[in-house]
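Database features (Swiss-Prot):
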type	residues	note
MOD_RES	M1	N-acetylmethionine
CROSSLNK	K5	SUMO2 cross-link
CROSSLNK	K7	SUMO2 cross-link
REGION	36-90	region 'Disordered'
COMPBIAS	36-55	compositional bias 'Basic and acidic residues'
REGION	127-209	region 'Disordered'
MOD_RES	S135	phosphoserine
MOD_RES	S138	phosphoserine
COMPBIAS	163-172	compositional bias 'Pro residues'
MOD_RES	T167	phosphothreonine
MOD_RES	S182	phosphoserine
MOD_RES	S202	phosphoserine
Amino acid sequence: MFPVKVKVEKSELEMAKARNQLDAVLQCLLEKSHMDRERLDEEPGKTSLDTHNKDCSITATGKRPSARFPHQRRKKRREMDEGLAEGGPQRSNTYVIKLFDRSVDLAQFSENTPLYPICRAWMRNSPTVRERERSPSSPLPPLPEDEEGSEVTNSKSRDVYKLPPPTAPGPPGDACRSRIPSPLQPETQGTPDDEPSEPEPSPSTLIYRNMQRWKRIRQRWKEASHRNQLRYSESMKILREMYERQ
């Protein structure tokens, strides 16, 4: 009789426990519907996702919620409303994504935001911290037309935003000639018909003649490059003075 009595007591305890869990679930559903209706009446634009998560966590324990639970939820909702009011309307909308164990709130950026601020916020890994909007850098002040000529003379005492243009290479269409020298004409030695022709030169003689010609061509290229650099002498002077000021 003793084992049978223990089995009966165990079944009664399980039945009482199941009834308590059922009562807790029903009571929680009633309070949830009441709070959802109250929230919809007060704040029609907000959802009750947080309330649902809290209710589910309570029902999972199988205990009856306390009598002060609605009061705590109202207090929590009041604190959230105050936080939203202090943070401004921009904190109400969030779109947080998680990528490689780091999170970023994309709702704070617009379609024209560069990629670098988004990467910087992702590296910070703080979705609740908003990226401060930086004012665009001021453009360079326009240079008046009457000051372009005096820019070279006053380069020591003022900032330089524009270098003077190079001098004209010469007549129109000679810009290419200032960089490329004129070709060197080959040396031809004509022989009269009545004189016998010279024998063919040896390879060493040909190499010597070609080396002399190559040297003259290289010297002509050096002279053309030097003449072209002289066109930028004013700009080089300004850059040299800026370097010496440092």
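Cβ from N, Cα, C; glycine included.
Annotation for T167 (phosphothreonine): same-chain Cβ neighbours under 8 Å, separated by at least 6 residues, are L230, R231, E234. S182 (phosphoserine) is surrounded by 8 other CB atoms, counting those within 10 A of its CB over all protein chains shown. Taking only the Cα positions, the spacing between S182 (phosphoserine) and S202 (phosphoserine) is 30 angstrom.
Its Cβ taken as reference, S202 (phosphoserine) is surrounded by 9 other Cβ atoms within 10 Å in the chains shown. In this structure, S182 (phosphoserine) belongs to neither helix nor strand by DSSP; it is coil.
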